[in-house]
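Noted in TrEMBL for the protein shown:
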- A:T82, A:D84, A:E97, A:Q116: Mg(2+) binding site (BINDING)
- A:1-10: compositional bias 'Basic residues' (COMPBIAS)
- A:11-25: compositional bias 'Polar residues' (COMPBIAS)
- A:1-25: region 'Disordered' (REGION)
Protein chains: 2
Amino acid sequence: MNYPNGKKRSVQLSRNLNSHKQSYSNRGMSLEEDINVTNQYYLTHDICVIHKKPTPVQIVKVDYPKRSAAVIKEAYFKQASTTDYNGLYKGHYLDFEAKETRNKTSFPLHNFHEHQIEHMKAIVKHNGIAFVIVRFKTLGKTFLLEATKLFPLWDRQYDDAGRKSIPYHYFLDNGFEIPINYPAIVDYIKIIDQLFF
Amino acid sequence: MNYPNGKKRSVQLSRNLNSHKQSYSNRGMSLEEDINVTNQYYLTHDICVIHKKPTPVQIVKVDYPKRSAAVIKEAYFKQASTTDYNGLYKGHYLDFEAKETRNKTSFPLHNFHEHQIEHMKAIVKHNGIAFVIVRFKTLGKTFLLEATKLFPLWDRQYDDAGRKSIPYHYFLDNGFEIPINYPAIVDYIKIIDQLFF
């Protein structure tokens, strides 16, 4: 696996996207929906195999009516112990979480959970590729940030003067804007290609 | 990644296990519970990062009572689009499905679903490691069978004279008995090590 030299964070790539982006930024689809469409496109075109994990639910009561499907009558949302998305690209393990915010100047860290960060740390330790996709909805900008760039900010938030959010400029400086292209809507695999392959 | 030469299917490994196996074969825990315990052990000891995916549920109705957690009041089980387990081992993507049967002479193929087989085919195509774990409960035997050894039997079942099940001896000849060791209960990573690393 080739790691990027840090010089490749191409301003050119970000700039090129502006023309495409406009037509999609106001479609009103959530980041999750966009990523699901993207993953389906990737799967159909044999680019990679990435799936969203189902929402974890604690099932308490199930009815089994005659001649029809079982009905869950009581259940509760559980906190996930991992990120939402994982899968396989060119033989490598990929793992990521996706979040959006209406904020314009920073991304609040409480959008992530401690166990998700712990999970991503384990992934990095075992040589997987971990990252987050963060969308600033109001700005119409979507970034990929490697998990290793997130960890120091996450850990520092517990210090006395620690910030509880990631400034927008941190994404500009350390992240990569994701191409918003049709038909792969949030074309994050292009960034992964640039970063790791 | 090193593929096995086929000679390594060690009878010795299977034989060694018999002494350990007896003490665990009648604990009454399901294969799923055993694998969850195993994965937790692997995670805690930094061996690999494998998680079971949550059961996919279609949520229809949710109540939000004041001052207490949201309650799902109507939901339905959905068919999974992937296998139940995936994750990361030594930088490689691992993916598997686990099933048990009370049969003594064969494993019925209807325990798997077409989309799970399709998913495992995609994993193999993208250079991931895909396999199934099958337990013959009554016999107290648990096997790992590489997905590539399952595909021909799956595809052949639709032929005129195609068998709808996998004979037990096929597991003896083509699979690997999984060590049942404490504290990793279904120590499948030992087989993966032998096969791929």
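Numbers run from 1 along the shown chain.
Keep in mind that glycine also has a Cβ here, set from the backbone N, Cα and C atoms.
Keep in mind that this is a model prediction, so the values were computed, not measured.
The subset of binding-site residues A:T82, A:D84, A:E97, A:Q116 lying near chain B, with Cβ atoms under 8 Å apart, consists of A:T82. Listed binding-site residues: A:D84, A:E97. The one with the lowest count of other Cβ atoms within 10 Å of its Cβ is A:D84. Packing around A:T82 (Mg(2+) binding site) is summarised by its Cβ count: 22 other Cβ atoms lie within 10 angstroms of its Cβ, all protein chains included. Non-local contacts of A:Q116 (Mg(2+) binding site) by the CB criterion (under 8 A, 6+ apart in sequence, same chain) comprise A:A80, A:T82, A:T83, A:E97. Highlighted in sequence order, A:K53, A:A80, A:T83, A:Y85, A:D95, A:F96, A:H113, A:H119, A:M120 have their Cβ within 8 Å of the centre of the Cβ atoms of A:T82, A:D84, A:E97, A:Q116, the residues recorded for Mg(2+), and are not part of that set.
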